[in-house]
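Feature annotations, courtesy of TrEMBL:
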- LYS96: N6-(pyridoxal phosphate)lysine (MOD_RES)
- GLY278, GLU320, PRO321, GLY322, ARG323, TYR421: pyridoxal 5'-phosphate binding site (BINDING)
- ARG323, ARG360, TYR364, GLU392, TYR421: substrate binding site (BINDING)
- 332-419: domain 'Orn/DAP/Arg decarboxylase 2 C-terminal' (DOMAIN)
- CYS391: active site, proton donor (ACT_SITE)
Amino acid sequence: MSRSAHPAGPRHADVLPEGHYSAPPADLNALDGKVWAQTVTRDAHGVVTVGGIPVTRLAEEFGTPAYLLDEADFRARARAWRTAFGHDADVFYAGKAFLSRAVVRWLHEEGLNLDVCSGGELATALSAGMPADRIAFHGNNKSKDEIRRAIEAGVGRIVLDSFQEIVRVAHIAQELGKRQRVQIRVTVGVEAHTHEFIATAHEDQKFGIPLAGGQAAEAVRRALRLDGIELIGIHSHIGSQIFDMSGFEVAAHRVVGLLKDIRDEHGVELPEIDLGGGLGIAYTSDDDPREPHEIAKALTEIVTRECEAARLRTPRISVEPGRAIVGPTAFTLYEVGTIKPLDGLRTYVSVDGGMSDNIRTALYDAEYSVALVSRSSDAEPMLARVVGKHCESGDIVVKDAFLPADLAPGDLIAVPATGAYCRSMASNYNHVTRPPVVAVRDGEARVIVRRETEEDLLRLDVG
Ligand code: LLP
C-alpha cells in the first residue's frame, strides 16, 4: 500500500464549513462499540480485526469493496430479540434488510421467524430450509403468481394490504383447496419521526388500509365473510429507524381499539397483533438505540394495558425487526483511491465503491461514521467527505466525517453499520459490480454472497 503524500488541504480548519458533524473525536483510532459490530477491535499493530481476522488479510483474500459481516454478532442480536420477547411472542426477521441463505439458516437455528416481501425473498427462504409456517408474506402489490406460490408452500400468514388483495388471496386459496391464515395491515395515522420515505403509518402513502373513515373495519367485515382465508390478526408497521417509542404506543392503542370494535361487532377476538419493525440503530455516536429487552417490555406492557382496558384477551404479539438485527453486524470495507483537498471546504476521499453499494446517504440523507482501519494514525483530524466512483456528484457514502490527515491512497477505510439496506438495495449503476458479503466468525471467513462479476452483467445482456 502506498503512502504517497498529497497536496496540503483543510486539515483541521479553525472555522469548519457547514455540515452534519459535531467536533472531531478525541481519538480517531477509537472504535465506538455502539456503531461497530461486536467482535471488531484494533490489534496491537493498529489494524482493525473482525472475528479475529485483520481487515488487511480480508481485503487481500476477498478484495474491496466488501461487506464484512460478524456472524457471532448477528446470532447474538437475533437471540437477544428472541429471548426478550419470550415464548408468548414471535420475532419475524425482516428479510428486506438483508437476506441470504446463510442468514436464513442462522435465523432458523436461533428460533426466529421470517418476513418476506417478494417471490425472490420467499424462494431464498424456502431454498435454505426455513419452515414455511414460520414465514410471513408481505407486500402492497403481490402478484397472483407470488400469492399462489406462498399459499402452495404453506406460509404461516399473508399480510393483506388492500381490498383487492383480500378477495385475490381468498380466491387463490380456495382454488388450491386451502384456507390461508391472514392478517390485515392497517395504517394507524401516526407520524413517525423519521425520514419521509421510510415512514409508513401516516395516511397519505401506499401501505395498508386506513383505520380512519372505517376502511379497516370494512376490510375486516369482508375478510370474515370469505371462506378461503382465516383472519388471525391485525398488522401495523409505523416506519423505520425510529427511536421514540411513543409512535408504537399510539399504534398499539389504535390497533387494540380495532380489535375491540371487531369483538363488539362480530363477537370474534382476533388472536394476534403484529407491531412491525422499525427500531433504530446507531449509525454515529450521537444515536442511542434501545435494547431489545427494553423494547419487548415496553411493547408488551402497552398491549397488555390496552387490552385490559378494553376487556380483551391479550393477543399473541409479533414484531418484525430487520435493521436492528443485521444493521450493526456488518461494515463496508473500501480502499482509498484518490484524495482531493478543497481549500476552506473539506477533503474528498474517493473509494472503490459508492452509491451502488450504499444508496442510503443519497436517498435518505443518512449519516454514517467512517474509520481508517488498515493502520492506526496519530495525525490530526481532517474533515472528509467519503465519495464513491460513480458518475454522479450525489454519490456520497459519508457526508461529513473526520479521518486522519495522513490518509493516503491504498489505505483501507470502513463504514460501520451497513448490514441493513445496503447490499439489499445495491445496484449496478455504471455497470459497477456488487460487492460480496463475507461472514466472519472465530477466525474463519467465508463468502455468503459472492462478488458479482462482469460476466454476470454480460450474461443478463442477451444482445
Ligand atoms: N415490517 C414491515 C412491514 C416493513 O415494511 C419493514 C421495513 C420492516 C418490518 C423492517 O423494518 P426495520 O426493522 O428494518 O426498520 N430502505 C430503508 C428502510 C425501508 C424499510 C421498509 N420496511 C432504509 O434504508 O432505511
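Every residue, even glycine, has its Cβ placed from backbone N, Cα and C.
Automatic prediction, not curation, is the source of TrEMBL annotations.
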Neighbourhood of ligand 1 - recorded positions from GLY278, CYS391, GLU392 with Cβ under 6 Å: GLY278
Separation of alpha carbons, TYR421 (pyridoxal 5'-phosphate binding site) and TYR364 (substrate binding site) (Å): 12
Within 10 angstroms of ARG360 (substrate binding site), Cα basis - recorded positions out of GLY322, CYS391, TYR421: TYR421
Cα proximity to GLY278 (pyridoxal 5'-phosphate binding site), best match among recorded positions LYS96, CYS391, GLU392: LYS96
Helix, strand and coil counts within the domain 'Orn/DAP/Arg decarboxylase 2 C-terminal' (332-419) (DSSP): 5 helix, 38 strand, 45 coil
Cα separation, the residue listed as 'N6-(pyridoxal phosphate)lysine' to TYR421 (pyridoxal 5'-phosphate binding site) (Å, whole number): 7
Minimum Cα separation from GLU320 (pyridoxal 5'-phosphate binding site), reported as the residue among recorded positions LYS96, CYS391, GLU392 that achieves it: LYS96
GLY322 (pyridoxal 5'-phosphate binding site) versus LYS96 (N6-(pyridoxal phosphate)lysine) - Cα distance in angstrom: 7
Set of same-chain residues at least 6 away whose C-beta sits under 8 angstroms from PRO321 (pyridoxal 5'-phosphate binding site): TRP81, VAL91, TYR93, ALA94, GLY277, GLY278, LEU279, PRO292
Under 8 Å by Cβ from ARG323 (pyridoxal 5'-phosphate binding site), same chain, sequence gap 6 or more: ALA94, ALA97, SER240, GLN241, GLY277, GLY278, LEU279, GLY280, ILE281, ALA420, TYR421
Among GLY278, GLU320, PRO321, GLY322, ARG323, TYR421, the record's pyridoxal 5'-phosphate binders - longest CA distance, Å: 15
C-beta crowding around CYS391 (active site, proton donor), within 10 angstroms: 8
Inter-residue C-alpha distance, GLU392 (substrate binding site) and GLY322 (pyridoxal 5'-phosphate binding site) (nearest angstrom): 29
